[in-house]
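I have placed the structure first, in the form of structure tokens, so that the comments after it can refer back to it.
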Amino acid sequence: MVFVPFTGIDNHKKSVTFGAGMLLKEDEKAYTWLLESFMRAHGKQPKMTVTDQDGAMKLAIEVVLTESKHRLCMWHITQKIPAKICKDIYDETDFKERLNKIVWNMFMEPLKFEEKWNKLIEDFKLQNHKWMNKMFRPREMWIPAYFIDSPLFGLMRTTSRSESENAFFRHFTNHGSTLVHFMMCFESAMERQRYRQEQMDFNTFDSAPKLSTQLNMERHASEVYTRSIFQLVQKEIKEACWNCTIEEFRTEEGCEMLRVRDRNAAGYRTLYKEKGKEGVQECEKVVEYKVLRSPEDGSVECTCRHFLRFGFLCRHAFCALKNRDVQMIPEKYILRRWRRDIIPPSLRRNTNRYGEKNIPIEKLTNEATFVLDECLYLLGKDEGKLGKFVEQLKSIKKGIEDEAPKPPSRKKEIENVLEDVYAVKKPEKPKVKNPSKASTKGWSKEARRKSGREIALEETSKRKRKCGFCGEKTNKHTKMTCPLNPKYIAKLARIAAAQKDETDASEQATRNVAVEQATNAS
């Protein structure tokens, strides 16, 4: 069966699994059922859904997640460009650089994008290129310029988080697992994920971060945000103090308008990264931003739209707030999803994941454990009293064993454990059998056709050896097969001569047979 996890982002900006499903087929009907089941469990549609270019999944999302904005993975699309575009254009010109600056730009308006796209297509004469035209038609589903008004659209542009979660689950299970074994492995993976989240929560609550400024806003941010988010906010506050200056300040219709100059705009507007290099649109580098602040309700807006993309204020907004001596971050700009107290302590300590738990029995069990620990602590230094206490416990245990019913057999005990885990009773006859192995979409790794780029990458990744005759580093020939080696040239000549003699002999034999048949016929 096909394992389909739902991956999102938690309050530490880490990947978290909201749920998962098992499908026998990857068609529209199966995905529709899966999404409907997801909605019954959660009740609220996600603001944005990021997937690859699967047609069945797209149709199911249109039917079920009507309020969610569907976005295609940019990475899957851009990875196909080298195989679709002529090698001379992609490698020998600035096409790749110009395309990346257009496609990955989160600051560009839709009209500006279309203008630059058309200019790029015109410059390289790709007006009739089928694949480029095909990708331009659904541009509203994968180009960042069309998501600038969507909240938190900058958090997830690719399915890289989902791909990393798939790799995470592979550490716990394999293709040959049964349903029961897979469920146990899946629960182990979830426990590992919960432990990681609890560890990050502990680091957030247990220690105070080091502050880099004397601003009360930074201290306030350290008290409300998780540690991961605070480090990002702290960076913006530092930049507001050291790299942002107010060039103009005026008041219009009761609102404060500021023109903020950012001396580190190039680092702020990094568009894409490739092989350790950062690309910035030098010709459109914006170093000044307009900030609008309302003294009445404390609202603040910046033309960089950083809060809309990531959910916390930018350096330019912090610069404006610092200028007006604001002591705390306005509550409206502290999103609940980034707060450190979003998960209640009672839910964090909840370890019963299946069925309904018995609250009175759980309280009594915790109380008994607490009383026993207290007694052991009080008697820990008195060996005589501790020995008497142990004897009393043994007598209590013996009395309980005499009154309690006979313990179940080992087999029955295992069945009871499974019932507790899955919250269902084992049927007398199995009704659900392990399904047959489902084949996923696409070619297998061995059977699929490799693109020229993949073949070239595999060749370049191989270790090249130095030819002992010509000295060239290559994997195409060795010293014995070097095209410049006279011995190898003579060997090829002998092979060619032998093949020619063999061919001549075969043709002569064929002619002799034909002459003999003609003679017999006459």
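Note: Cβ is positioned from N, Cα and C throughout, glycine not excepted.
Taken from TrEMBL, the feature compositional bias 'Basic and acidic residues' applies to 452-461.
The annotation compositional bias 'Polar residues' is assigned in TrEMBL to 506-522. Counted with DSSP, the compositional bias 'Polar residues' (506-522) comes out as 16 helix, 0 strand, 1 coil.
As annotated by TrEMBL, domain 'SWIM-type' applies to 289-325. Model confidence over the domain 'SWIM-type' (289-325) stands at 90, taken as the mean pLDDT rounded to a whole number.
Annotation comment: TrEMBL describes 426-463 (among others) as region 'Disordered'.
Feature annotation from TrEMBL assigns region 'Disordered' to 498-522 (among others). Within the chain, the region 'Disordered' (498-522) has no long-range Cβ neighbours under 8 A that lie six or more residues past its boundaries.
Taking H, G and I as helix, E and B as strand and the rest as coil, DSSP gives the compositional bias 'Basic and acidic residues' (452-461) the counts 10 helix, 0 strand, 0 coil.
Counted with DSSP, the domain 'SWIM-type' (289-325) comes out as 14 helix, 8 strand, 15 coil.
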